[in-house]
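Noted in Swiss-Prot for the protein shown:
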- 19, 20, 21, 22, 23, 24, 124: ATP binding site (BINDING)
- 23: Mg(2+) binding site (BINDING)
- 41, 65, 87, 143: substrate binding site (BINDING)
């Protein structure tokens, strides 16, 4: 049975830290599965017609997290989607009720790799106040146990390309679908 048939239209939610590659990997994965792609941050940006950093600055993180929950609630009512989520989506317990309607995949990227990827990024609102490595370390420490609740953890190295991550994900997904296949 093909992977698409075994998925039965279930959404695939990519979670992980900012800079993990959720958007890039998500687009590739959606294309390979014949699914549509949604980025929750892009939906929020389009809806509010301004960048996330401005939403954070003008309305605060709690208001952003509320928007994020509303978007996830709407997105989860659809099927055949690969969804790239914001890095903090796992912080709200209510969001897990939506995420568990599909398959949750944690793109687990080591701190050193995240720092290398995000060093030049000035758009991330949560990275504006402290040294990058210190702030990312704090965020990762606070979120890691939540990311670990994902159905599947995919460890990513500096050498991995979005294509190799997508390939590994497609190879690993059947291992967690029922009926189980030996992996």
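Numbers run from 1 along the shown chain.
Yeah, the Cβs are placed from backbone N, Cα and C, and that goes for glycine too.
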Extent of the substrate binding site in Å [max Cα distance among 41, 65, 87, 143]: 18
Residue 24 (ATP binding site): secondary structure state under DSSP, collapsed to three categories: helix
Cβ-based neighbourhood (8 Å from the centroid) of the substrate site, residues 41, 65, 87, 143 excluded: 18, 68, 85, 86, 88, 89, 90, 91
Rounded Cα separation (Å) that holds between residue 65 (substrate binding site) and residue 24 (ATP binding site): 22
Secondary structure of residue 87 (substrate binding site) (DSSP, helix/strand/coil): coil
Same-chain residues at least 6 apart in sequence whose Cβ lies under 8 Å from residue 41 (substrate binding site): 52, 84, 86
Length of the line joining the Cα atoms of residue 87 (substrate binding site) and residue 20 (ATP binding site), in Å: 9
Residue pair residue 22 (ATP binding site), residue 143 (substrate binding site) - Cα distance, angstrom, rounded: 16
For residue 19 (ATP binding site), the three-state class that DSSP assigns: coil
Proximal but sequence-remote residues of the same chain as residue 20 (ATP binding site) (Cβ under 8 Å, at least 6 apart): 14, 87, 107, 108, 109, 114, 156
Spatial neighbour of residue 143 (substrate binding site) that is closest, considering only the binding-site residues 19, 21, 24 and their CA atoms: 19
